[in-house]
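Q: Right, I'll just put the structure down here and ask away after.
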Amino acid sequence: MTKNGNPRRALIAAMAGFALDGFDMLMLSFMLPSLSHDLLLSPIDSGILVTWTLVGGAIGGAGFGILADYIGRARVLSMSILVFSVFSILSSFSTGFYDLLFYRFCAGLGMGCEFGVGVVLATEAYPATMRPRIASYVGLSWQLGVLLASLLTPLLLPMIGWRGVFVVGGLPALAAFFIRRGVQDSEEFQVSSRSRPTGDNPVKGLWYPPIRRRSSIAICTMAFIQNFGYYGLMIWLPSYLTKERGFSMMNSGFAAALMVVGMIVGVLLFGRLSAKIGYRRAFVSYQLGAAMIVLLYSCVQSSQVLIPLGIVAGIFVNGMMGGYGELVGVYYPVQNRSTAQSVLWSLGRACGGLAPLVIGYAAAQLGFAGALGFLGLVYVVDMVVTVFVLPGRPGPEPYTTGAASCEQG
């Protein structure tokens, strides 16, 4: 068992940060029309704004993740959430495109490590047998933030405007900073930190020994497909339902909300399934389910079937978010676990962010139904990587997480 002063507080701190990440991204999408009007932004400017927020997140996720293996997960998370809070509030003072772009890039830097470092902090605070479930709790918090943003932002925007919403988005992050000041790193990390050799490089640990090279390639690819599927489906879902299936905007929003509920259920179920049958079988089960359901979703015409089917699609498409914390815990020792989680996830997320562009192009050539069919086939690649590239067991080092389950994984 890994000891921590207050494991529950570590879990709450990690979940709060990743929920704020989800809240911020959806909040920004709601604010784009009013932002564009007030600051005279073109559609290209708006797209650049979102893109550079994600770029900042990828850079911040990798940078803060590496730093967390040197100075501690709790300290880095306190620093990063303070960076996000300050630049989110500063965004409310923007007078034009370029200063807002700078503030959003810097806010992304601070928010980018919330999943990678947060899930490591939370899982290390608990015994190995509980870590699959703890990782799933952190994973589902993004969707909780998305749901909260979908409810609050439309209410707040007419009352306080986009400037006020930026302040509202930054204040909870400031509160999270003070919560995290009382969180300690696990005894496991503290012991490892004291015994770290001088000049040890956690990034090198992603590629050596060779079995880690395989696991790094596999996990990064899986993270890429995870994000590609999520953004590809959620960004284009309203357009697909309204243009090709005749939904009203209200009904398409309702269908999207129910799909998010399915995603939350899927993440919770993944942690329990992984604990019972092993992480590899759990991933393959979800990947197969995602491929079949997305393909079926692209073919169904009836709105009475599409809405409940969307809940099932949400379970499989995003449920795998609950497993990446366990994967990294299995294949990487504590000395470079934060680096592995943050760098591999950030790379996968950055590349997966291309999905709206790729699916949009595919929709122009094949229609939205054909584009979703293509998206379903991407999960077949995911299964191949999980089965044939991801190593079957972590090797001779004394991995502390999930080592006992690797043979069944």
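Any Cβ shown, glycine's included, is placed from N, Cα and C.
As listed in TrEMBL for this protein:
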type     : residues : note
DOMAIN   : 10-394   : domain 'Major facilitator superfamily (MFS) profile'
TRANSMEM : 12-35    : transmembrane segment
TRANSMEM : 47-67    : transmembrane segment
TRANSMEM : 74-95    : transmembrane segment
TRANSMEM : 101-122  : transmembrane segment
TRANSMEM : 134-154  : transmembrane segment
TRANSMEM : 160-179  : transmembrane segment
TRANSMEM : 217-237  : transmembrane segment
TRANSMEM : 249-271  : transmembrane segment
TRANSMEM : 283-300  : transmembrane segment
TRANSMEM : 306-331  : transmembrane segment
TRANSMEM : 343-362  : transmembrane segment
TRANSMEM : 368-390  : transmembrane segment
Q: State the non-local partners of the transmembrane segment (283-300) in its own chain: residues 6+ outside its ends, Cβ under 8 Å from one of its Cβ atoms.
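A: Sequence-distant neighbours of the transmembrane segment (283-300): 222, 229, 233, 266, 270, 273, 277, 306, 309-310, 312-313, 315-317, 319-320, 323, 368-370, 372-373, 375-377, 379-380, 382-383, 386-387.
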Q: Could you give the residue numbers and ranges of same-chain residues that sit at least 6 residues beyond the transmembrane segment (343-362) on either side and whose C-beta is under 8 angstroms from one of its C-beta atoms?
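A: Residues 51, 54-55, 57-59, 61-62, 65-66, 112, 115-116, 203, 206, 216, 219-232, 235-236, 324, 328, 370-372, 374-375 contact the transmembrane segment (343-362) from elsewhere in the chain.
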Q: Let me spell it out: take the transmembrane segment (74-95), skip the flanking residues so only those 6+ beyond its ends count, and list any with a Cβ under 8 Å from a Cβ in it.
A: 10, 13-14, 17, 20, 24, 39, 60, 64, 67-68, 103-104, 106-107, 109-114, 117-118, 121, 162-164, 166-167, 169-171, 173-174, 176-177, 180-181, 183-185, 338
Q: Going along the chain, which residues at least six beyond the ends of the transmembrane segment (47-67) come within the CB cut-off of under 8 Å?
A: 21, 25, 28-29, 32, 35, 41, 76, 79-80, 83, 97, 100-101, 104-113, 115-117, 202-203, 338-339, 341-343, 345-347, 349-350, 353
Q: Under a criterion of three or more Cβ pairs within a distance under 8 Å and sequence separation of at least 6, are the transmembrane segment (217-237) and the transmembrane segment (249-271) in contact?
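A: Output yes: the transmembrane segment (217-237) sits against the transmembrane segment (249-271).
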Q: When you scan the chain for residues with a C-beta under 8 Å from the transmembrane segment (368-390), skipping those not six or more beyond its ends, what do you find?
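A: Contacts with the transmembrane segment (368-390): 214-215, 217-219, 221-222, 225-226, 228-229, 232-233, 236, 239-240, 243-244, 280, 283-284, 287-288, 290-295, 297-299, 359-360, 362.
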